[in-house]
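Feature list (source: TrEMBL):
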type	residues	note
DOMAIN	1-685	domain 'Myosin motor'
BINDING	84, 85, 86, 87, 88, 89, 90, 91	ATP binding site
REGION	562-584	region 'Actin-binding'
DOMAIN	802-995	domain 'TH1'
C-alpha cells in the first residue's frame, strides 16, 4: 500500500515536513533527512509492533515488524535488503531495524537472549570503528559490505547470529582522496588513548605525523568527540567479550601499521649485503614495529629489504629489493595486516554470537532474519578495481530484485487470473554475464592476465578486454570508440550499468586483483609471540619450499562471495529498503530533484512504479480485507452470511460504489488506485470510535457483573467461614473449660485459645467475666474475719501497680502491732490504756494500723515514735512517755503517701495544710519485717470505702515539704547499719537501711 500524496502537494514540501518514508508496493523508500527526527524510540516501536504493513504510515519499523512476523508466524527465513549510495542512510537504517528487533523480543527476560541482543547491538559500533571512514559523500561511510544473519528460536527470541563481511576497502589504509580520511580506528586510538598508553605505543596525538593519516588530519573531528567514540568502542568490545589482552593487541597492531607507513627506503651504493642497495631511512621505526608486533627486529628488517624465494631445486635464495619494491612490500604488508585485523574482529564477534548448545532435535529448527547493509552504486571521477567490484555487487543485487519483485509481480497477476498488459523492464542479466562469464567475462580475463607468465601490464589487460568484448552492447573503450574523448587510450574502459555509464581506469587492476603478499611477511607474523596477532596468520606456518596451489584472486573471491550471498538471499522471503540521498552537500531539508531522480533510476524504482501503475497499487487476501473493513458494510458486520469471502467483499465494495476500481483474483482482491483505500480507511476511521465505545460498554458491563458475582461469592464464603470459625472457637472454649469448676484452682492454669478477629471483643468480655466468676469462687470460701485483710491487700496491689515488687502480701496482716504482746512485749499494756483514753476522747471506731517508727523532723533530728492510724485520726505518739500524743491529724486531711520500690520501710505521709511526716517502720518482730504494703493497703481500702481518692507514689527519691521548704528523701543500703536511721545533709534526708 502506498501512502498517497494529495494532488498539488509538491514532494519538496512533504520532505521538509519530515515525511521521509513512503512505499512502492511493499518496497520502503527512505530519504536521509540529515537531522534528528522524533520518529524512533519505545513509543514508535509500540505503535508498529504486531501491526500489518499497511496499518501504519510507512516506516522502517513497519518493514522490520513485517519481516519478524513473517519469520515467527510462518517459520520462514526472511531478509531485509538495504541499498543506496554512500551517505543515503543505509547504516542508520540497519541500526534502527536491529533496535526494533531487540525491543520486541525476549519478553521473558532470559539472560542468554539478553546477551545475544547486547552483542548484536554493540557489534555495529565496533564494526563501524574498523570498517567505516569519512568520505566526500558521507562522514561515516561503510567501506565494506555487511550481511548479518540473526537466528531465532521457536518463540521468536534471538539466540545467535553471524556476520559476513565483503570487500573491505583496504587500499584506504595507504592513501585517501582529498577531503577523506582513513578508517576511524586510527584516529580514535590517537585521540582517545591515555598518554601512558600512547607512550607505550610510541605514538603522538597528532595524526599529521603519520603518512597513513596525514591526508585526513585536518578533517579530524573534535578531540572530545574522538575520545567519546573511542570510549564507546571500548565499552562495546568489553560487552561483546574482548579481553583486555586482546584489546591491547589491537592497539599495538594499529600503532604498528602507522609506524610501518612512516618507514622510508633509500638507495645506497654499498654492496655485499643481503639487502642489496636499499636501506631504511630511520631504523628506530623498525624497532617500534618489531616491538609492537612481538617479532625479532632482524627479521622485520630483512622482510622489508628483501624476500626469500625457492628455486626449482628447492634451494632458498634471498633477493634484495629496490626502493620501489621495498615500498610495494611495505604497503602490501600494511594492507594485509589491517585486513587480517578486521577479519579477526568479525570472526571474534561471530564466535561470541554463535548459538550455544542448540540441538534441532530438542529445540526445533532455528529461523533466520538476514539484514544486508552493503555499499551502493559508486561513480567517482576516477573509478578503480574497488568501484568495479562494488558496482558488480549492485548489479547482482539488482538482478535479484528484478527476479523477486518485478518478475514476481507479473507472475502473481497471471497466477490470480488478472488480465493486464505486460510491462517491459530492463533485465541486467547481460551486464552480470559481462562481468562473471567464465573464460570471457571481465573477471575471467583479469584472472588470466594475473596468472600469465612474463610481464603483463594493465594496458595489455585492457587490450584483451577489447578483443573479447568489442561487440558487446554494454562495453566500450577509447580503442573501440576513438571519437569518445572522455576516455584515455590504454587506460579507460566503460560499462553501461543499469544505473548509468561508469568509466573505469585499469591502472592497478592487476596488482589489486593479485593482492600479492610475500610469504616472508606471513611467516614473520605467524612467528610473533603475540597470540592474537599469530592467530590472524595461520597460513604463515607453511614452509617456503612447499609447492602450493595458486591462491584465488581478490576478484574471484569476491565473485564467489556474491554468488553465495545471492543464493542465500534468494531462499529467503525478501523485504527491501531503498535509501535515497537528497543532496550532495549533506544539508537538512533540501531536496535535489536531479540527484534524486538519478538514484531512483539506478535503484530500479522506476520499473517498480511502472509495474505498479500498469497493475494495481495494492492487493490483499479476501479474509484479511474483510477483517479490516467489514464494519463499513451492514452485510458483513459482524460476520457475513454470504456464500464466500469473495462475495462478501463484492457486497462491501458495491455499497461504497468502488467496484469499478478493483479486480477479483482467485484468492486476492486487487485495488488499482490508492484513493480507494483512502476512502475505505476514512469510512473505517469514522466507525472505529463507535465500535470501540460499544465494545467498551459491553466489556465494562461484563466486568461489573463478573465483579459483582465475585463479591457475592466472596461474602458468602466469608459468612460461612466466619460461622465455622465461631463455632469451632466456641467448641474449643467449651472443651478447655469443662474442668474450670474444679477447686482449688478454678481454671487458673487454663490457656485461652486465640480467637478470630471478629470474636476478640467477645473473648475480652468473657475473660473479664471469667475472672470475676473465679474471684467470686475464691472469695466465698474465705472466712469473714479475713475479708478485711483481703480487701486491704487488693487495694494495695491496685495502687502500687507492681511498681514495688515486695510489699508483704504473702504474710498475715495484724494491723495493730502495738497492742500485740509478740511485737510490743514490754509496752503493749501501756498502749492499750492510751488507746482506751483516745477512744473515749475521739470516739473512733477501729484501729487501722499501729507500729513503732523512726521519724525525722524539719530540724533534721530523728527520734523513735509510734504511729497510730484510726478511722478518725492519724496519731504520732511518744513511746517513751507512755504513748503520749505528739501530733494528731484528721484522716480526711491525709491526701496521699509515698514509698520506695525497694525492701526498705520508708513512708512519707502527705497531709493537706500540714508538714509531711517522714517515718521508717521498725522494731518489728521479726526484725525488718515488710509492713509498708500493709499500711498502704489499709489506708487505701479505707479511702475507697469512703469514696475518696488516695494518691500513692512509688519513687526512689521522694520529694516532701516541711514548713514550706522543699526537701528530698532517699534510701542508702548499708550492711553494717544495726538499725534504720536518718542522715541529714544539705537539706536532704537519707535513710540508712541495714541491707542483710
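Every residue gets a Cβ built from N, Cα and C, even glycine.
Because the structure is a prediction, the values reported are computed rather than measured.
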* To do: Determine which residues of the chain contact the region 'Actin-binding' (562-584) at the Cβ level, with the cut-off under 8 Å and only residues 6 or more beyond its ends counted.
  => 15, 26-34, 60, 63, 66-67, 70, 76-90, 93, 137, 147, 164, 166, 368, 370, 372, 376, 392-393, 396-397, 399-401, 403-405, 436, 590-592, 595-596, 599-600, 603, 605
* Structure fact -> Taking all protein chains shown into account, the Cβ-based neighbour count within 10 Å for residue 91 (ATP binding site) is 21
* For the binding-site residues 84, 87, 89, which Cβ has the most other Cβ atoms within 10 Å, all shown protein chains included? -> 84
* **Neighbours of 84, 85, 86, 87, 88, 89, 90, 91 excl. site residues, C-beta within 8 Å of centre, ATP** => 32, 138, 141, 376, 579, 581
* Structure fact -> Least crowded of the binding-site residues 86, 90, counting other Cβ atoms within 10 Å of each Cβ, is 86
* Tell me the residue counts in helix, strand and coil for the region 'Actin-binding' (562-584), as DSSP assigns them. => 9 helix, 8 strand, 6 coil
* **Spatial neighbours, same chain, of residue 88 (ATP binding site) - Cβ under 8 Å, 6+ residues apart** => 30, 32, 376, 579, 580, 581, 599
